[in-house]
Amino acid sequence: MSGLLCYCRQGFEPELAAELSARAAFVGIAGYARTQRNDGYVLFVCDEAAQLAAKLQWRELIFARQKLVVIAELKGIDPKDRITPILAALEGQQRFGDLWVEHPDSDAGKPLAGLARSFGNALRPALRKAGLLTDKPQPRQPRLHICFLDGDHALLAVADSADSAPWPLGIPRLKLLPEAPSRSALKLDEALLTLLTPEEREALVKPGMRAADLGAAPGGWTWVLTRQHVHVTSVDNGPLRAHVLETGLVEHLRADGFHWKPAQPLDWMVCDMVEQPRRVAERMATWVREGWCRNTIFNLKLPMKKRWDETRLCLELFEQQAEKSLIVRAKQLYHDREEITVLAMRG
């Protein structure tokens, strides 16, 4: 078979399927999405998978944690010998720079974690013997993914390491430090890691920069910024954790973050307020249009129904009302729930 394999948050398969269908149609490639709710992945079946993968950059996909090009689908695999059919399916393929054996991040997929781990250890030497895997990981070469959907059912796929998530299952394993004021700190940590390239992070998040955190309490996002030695104005009528204020980098203003505006332009504005997504998109656009910040990261809380439609509408609304040349990226992060995280930076 030919197509794209994309992982997603369990329950968001319809949104990812709609996104892939819309984006494929936009670039003129015919295909269809194959999925079931709670699978944790979507297969977009098409004849021009490599061409579609090249046109749909991983960082531009909103609901996809990972993007892979499918090589083969194997069903009815003998549990006593899974290696032979995989080697046969890979005959004629180029040498891969690494191997990841995975499973969907879903209720049905998680019990396959043990199989994935042990089978990877068995498959690596067989691939090397067949000349299909380098002796050591080579990140510049394509990466082979084996995704077990069941003990006898697997998808074989390939990733371009420069255009795919650099973490197994597309999930960055971030640790919540004891001093973090809230779990929401992981959202901003992941956003900086996922939405910005290493070069962009180095250039755009520097010590001494100034930022605003709208709706800051109890201070999770503010705390993440102070760890980068950024000066933060935290705007919220609620209290911040004492140790966040003790950094000496934080000014706490007891005000409504939705209506406050800075006296001078800032490098960053971040916002994780619980509010209607269109209202948030419009307010964030005002910040950019008025020049109150150069760059922003904000969350949009999605409705229970028509989430892809609402996502597309909110992003279009934001870009139209911002009236600036912007680079906009959005992602449903692993640490997001019924929401997406949006990055907008000056182009």
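Backbone N, Cα and C define each Cβ position, glycine as well.
As recorded in Swiss-Prot, the features of this protein are as follows:
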{"type": "BINDING", "residues": "S184, A217, P218, G219, G220, D236, D256, D272", "note": "S-adenosyl-L-methionine binding site"}
{"type": "ACT_SITE", "residues": "K301", "note": "active site, proton acceptor"}
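Annotated features, which come from Swiss-Prot, shown on the structure.
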residue	record	CB count, 10 Å
S184	S-adenosyl-L-methionine binding site	19
A217	S-adenosyl-L-methionine binding site	21
P218	S-adenosyl-L-methionine binding site	18
G219	S-adenosyl-L-methionine binding site	30
G220	S-adenosyl-L-methionine binding site	24
D236	S-adenosyl-L-methionine binding site	22
D256	S-adenosyl-L-methionine binding site	13
D272	S-adenosyl-L-methionine binding site	23
K301	active site, proton acceptor	17
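A217 (S-adenosyl-L-methionine binding site) sits 17 Å from K301 (active site, proton acceptor), counting Cα to Cα. Cα spacing between D256 (S-adenosyl-L-methionine binding site) and K301 (active site, proton acceptor): 19 Å, rounded to the nearest whole number. Between the alpha carbons (Cα) of P218 (S-adenosyl-L-methionine binding site) and K301 (active site, proton acceptor) lies a span of roughly 19 Å. Distance between Cα atoms for S184 (S-adenosyl-L-methionine binding site) and K301 (active site, proton acceptor): 14 Å, as a whole number. K301 (active site, proton acceptor) is 9 Å away from D272 (S-adenosyl-L-methionine binding site) when you measure Cα to Cα.
Separating the Cα atoms of D236 (S-adenosyl-L-methionine binding site) and K301 (active site, proton acceptor) is a whole-number distance of 19 Å.
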